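Scroll down for the structure; my scribbles are underneath it.
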Amino acid sequence: MASSGVRRLITRIVSWNWINPRAPSQKPEPALAPAPSPAPAPAPAPAPAPAPTPTPEVATGEKAKPRNPSSRWKRKALRRVENDILSERYPDQLVSKFVAASTLSARFRDRHRLYETAVSRLAARGRQDAVEAIIEAQKPFLQVQKEEFAALLIRLYGRASMPSHAAATFRDLPPHHKSVTTFNALLAAYVDCGDFEALATAFQEIPASCPTVVPSLYSYNFLIDALCQKPDLSSALDVIPLMEKSGLSPDIISFNTLLNAFYNSVGPLDGAEIIWEMMRERNVEPDTNSYNAKLSGLVARWRIEDAAALIKLMEKDGPKPDTESYNVLIRGYRRKGMLDDAKKVYDNLVEKGGPKPDTKSYNELIQGYCEEGRLDDANKVYDDLVKNECVPNEGTFRTLVPHLVKVGELDRAVNCCHEIIRWECKVYVSLLQGVITALVDASRVEDATRIIKLGRKKNYYRKSLMMQHVGEKKNDVEAETDSKMSLTTSQRGRLRKSLCLRVAQI
């Protein structure tokens with residue numbers, strides 16, 4: 001059950017002039033008492049100039065500002081409810097609060113981003129039953145909500161990897177909601193779940209059985225994407241004439257999807273050349289993504305020189321290469337062991353003032369230097385990454401930290417652990433544990449203790465980060481850390497209770 005404070009707040013939001021906030025008060029305005037002076041009444045004042053005609057947005061007898069004195073309060077109150085739901089750590093209570101709020105408040109149901117956040121959190125915990133409880137509680141409102149709301153519910157099942165529930169939701173929709181919008185939402189849900197066979201089947205059956213569903217260009221692009229997952233790509237190519245038969249022209253997204261599939265497949269590149277010819281016949285101009293697909297295909301086949309020549313052609317004739325174009329070339333040089341050439345590409349990016357290197361650019365160089373044992377160069381690249389305001393990610397630390405520990409550069413390894421925790425990178429706990437173990441072996445217990453405390457504050461499992469081979473000190477550290485963790489938990493509990501009390505007093 002949702003907390004009584006949250007329910008009371010939602011009820012007040014709904015009941016306080018929710019349907020017609022500008023409705024006049026039912027209490028009649030009291031008449032003014034006559035003036036107590038015995039003097040005769042003064043001559044009547046001249047009639048005032050006629051008031052301007054109110055605009056349609058402003059009702060007669062009402063000031064333009066503020067239109068509704070309670071609207072700001074309602075927004076703040078609704079925001080409090082949202083914050084209370086998002087801060088809820090327990091899935092069952094989150095579901096209870098969410099269902100209560102969405103049941104009582106139509107404005108809450110317009111917060112689609114809140115739906116996506118809640119479902120993503122529950123799906124990440126493997127609570128598909130909780131996801132189903134939230135979405136099924138919304139279905140009674142489908143008759144009065146717009147079709148975008150119906151599409152949202154279908155997509156949410158896709159985000160939670162529940163394709164059969166998404167299909168059942170579409171099947172049970174009211175007739176006026178069975179449109180290309182909800183159909184595309186179902187196709188997108190199948191893509192999110194990776195169920196491409198079901199997508200192809202739905203594309204064949206639903207438009208044939210439901211006359212109100214007419215596939216759009218967006219729908220056909222979903223179909224192309226699904227068919228590109230098969231080993232035989234000829235069926236994906238056949239979608240292009242099928243689109244044109246339906247009166248639709250394929251766009252650059254259609255062709256780029258095909259190009260990526262053919263260049264990433266095993267075998268010769270003859271099929272990709274067919275796609276380039278189809279684009280020329282239909283006057284579809286290739287963009288940078290088109291050439292990036294070709295670059296990836298060349299690098300995957302170890303044709304690094306051809307990839308470098310294609311980059312130069314793009315720089316000269318267009319479309320201009322972007323950061324991803326150069327990243328593909330850097331990756332090719334790195335895989336071939338040509339790190340000096342990869343560094344030249346990176347240096348040109350920095351000096352030319354064109355597309356800036358991103359985290360992926362730095363990660364490629366760091367990985368190459370670490371593989372060759374050039375740790376000083378890897379450290380310099382990492383320093384450049386931080387200096388150029390890029391954010392290191394899980395791939396950065398997964399490559400760099402084990403090599404730092406291996407050569408005994410524990411100071412840098414400790415700094416990397418602090419950065420991991422500060423940026424909340426989703427790394428394996430074993431990465432941090434490896435540094436902790438190395439610190440303990442080097443008798444640097446204080447540094448190891450600090451990493452454990454920081455890691456546990458960022459919700460790493462208590463039993464995953466631990467001291468090893470330190471005897472009594474291990475127990476002292478764990479006792480101290482457990483005390484702080486219990487204090488943090490109690491503080492959070494008091495904060496939640498305080499929030500509910502404040503909400504109840506509004």
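Backbone N, Cα and C atoms are what each Cβ position is placed from, and that goes for glycine too.
Just so you know, TrEMBL annotations never went through curation; they're auto-generated.
The compositional bias 'Pro residues' annotation in TrEMBL covers 31-55.
The region 'Disordered' annotation in TrEMBL covers 20-76.
Here the repeat 'PPR' (216-250) has long-range neighbours at 180, 183-184, 187-188, 190-191, 196-197, 199-200, 203, 257-258, 260-262, 265, 271, 274-275, 278, 282, 284, meaning same-chain residues at least 6 beyond its ends whose C-beta is under 8 angstroms from one of its own. TrEMBL lists 216-250 (among others) with the feature repeat 'PPR'.
Annotation source TrEMBL lists repeat 'PPR' at 251-286 (among others). Long-range Cβ contacts of the repeat 'PPR' (251-286) within its own chain (Cβ-Cβ under 8 Å, at least 6 residues beyond either end) map to 217, 220-221, 224-225, 228, 231, 233, 236-237, 239-240, 243, 293-294, 296-297, 300-301, 319.
TrEMBL lists 287-321 (among others) with the feature repeat 'PPR'. Beyond the ends of the repeat 'PPR' (287-321), by six or more residues, the same chain brings 252, 255-256, 259-260, 262-264, 269, 272, 279, 328-329, 331-333, 335-336, 338, 354-355 to within a C-beta distance below 8 angstroms of the stretch.
Counted with DSSP, the repeat 'PPR' (322-356) comes out as 27 helix, 0 strand, 8 coil. According to TrEMBL, the feature repeat 'PPR' maps to 322-356 (among others).
Note on the repeat 'PPR' (358-392): residues 323-324, 326-327, 330-331, 334, 337, 339, 342-343, 346, 349, 399-400, 403-404, 407, 409, 412, 419, 423, 425 of its chain, located 6 or more positions outside it, place their CB under 8 angstroms from a CB of the stretch. Look at TrEMBL and you will find 358-392 (among others) tagged as repeat 'PPR'.
Taking Cβ pairs closer than 8 Å, the repeat 'PPR' (322-356) reaches residues 288, 291-292, 295-296, 298-299, 302, 304, 307-308, 311, 314, 364-365, 367-369, 372, 374, 388 in its own chain, all 6 or more past its ends.
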